[in-house]
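A short worksheet on the structure shown next.
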Amino acid sequence: MIKLVLIRHGQSLWNLENRFTGWTDVDLSENGLSEAREAGAILKKNGYTFDVAYTSVLKRAIRTLWIVLHEMDLAWVPVHKCWKLNERHYGALQGLNKDETAKKYGEEQVHIWRRSIDVRPPALTEDDPRYEMNDLRYKALKKGEFPLTECLVDTEKRVLDYWHSEIAPKLKNGNKVIISSHGNTIRSLVKYLDNLSSDGVVSLNIPTSIPLVYELDENLRPIRHYYLSMDGEVPEGEIPKHITF
């Protein structure tokens, strides 16, 4: 049996401020740092180890992974970073407060942008100061590869491309893998692994910094999945609450 651990980054500063974040590189809040330490302690107490780790090129996911591995005394584990594991790009919504955006455009429209799988928010323009193409971390991307906005289908496409080319082969070779990423990135992976319908993924929420374990067969088909707490597996349908750590 193969085990895969997925973890959404701890609470970020813009999660705290209720802003659309996307590819904006904001850091963890103090609460997010605590959540990451707690996740590492949970994994260590439950006897988990890893051979390789994957994350995005955004510091909230990277820092979460660093803290988790540090808490587990696994700082030596190789870490691979790739933009294809970035959060969904929210286009011109990035940086905007979600409540204020709902007042401006209407709650229904904002809900469609956030939760439909194939509707993109308004795009950034290339002269927008929020346009990240010139950031050094993206220097290998061609102009046509760089998103100005994304729907969940767009996010899923790049995430699964990286899954099939890099992560799945490691799992099939017996490596113990952890992925520290973002809400919509993990939603994309869960949709694929569990073969969820479009309606099923719309209502799917991924909590910050709670380890989600997938037990997979030799063909990487899921046997079962569950969240972890200090007390072990959490009953199906339940999500453990964070403790101060």
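Glycine is treated like the rest: Cβ placed from N, Cα and C.
Noted in Swiss-Prot for the protein shown:
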BINDING   8-15, 21-22, ARG60, 87-90, LYS98, 114-115, 183-184  substrate binding site
ACT_SITE  HIS9  active site, tele-phosphohistidine intermediate
ACT_SITE  GLU87  active site, proton donor/acceptor
SITE      HIS182  site 'Transition state stabilizer'
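Mapped onto this structure are the features recorded in Swiss-Prot.
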residue: ARG8; record: substrate binding site; CB count, 10 Å: 28
residue: HIS9; record: active site, tele-phosphohistidine intermediate; CB count, 10 Å: 31
residue: GLN11; record: substrate binding site; CB count, 10 Å: 23
residue: TRP14; record: substrate binding site; CB count, 10 Å: 20
residue: GLY22; record: substrate binding site; CB count, 10 Å: 26
residue: GLU87; record: active site, proton donor/acceptor; CB count, 10 Å: 26
residue: ARG88; record: substrate binding site; CB count, 10 Å: 28
residue: LYS98; record: substrate binding site; CB count, 10 Å: 15
residue: HIS182; record: site 'Transition state stabilizer'; CB count, 10 Å: 26
residue: GLY183; record: substrate binding site; CB count, 10 Å: 18
Checklist entry - Roughly how many Å separate the Cα of ARG88 (substrate binding site) from that of HIS182 (site 'Transition state stabilizer'), to the nearest whole number? => result 8
Checklist entry - According to DSSP, which kind of secondary structure is GLY183 (substrate binding site) found in, if we only use helix, strand and coil? => result helix
Checklist entry - Which one is closest to HIS9 (active site, tele-phosphohistidine intermediate) in space, judged by CA to CA distance, out of the recorded positions GLY22, LYS98, HIS182? => result HIS182
Checklist entry - How big is the Cα-to-Cα gap, in Å, between HIS182 (site 'Transition state stabilizer') and LYS98 (substrate binding site)? => result 18
Item to check | Rounded inter-Cα distance in Å - LYS98 (substrate binding site), the residue listed as 'active site, proton donor/acceptor' | outcome: 16
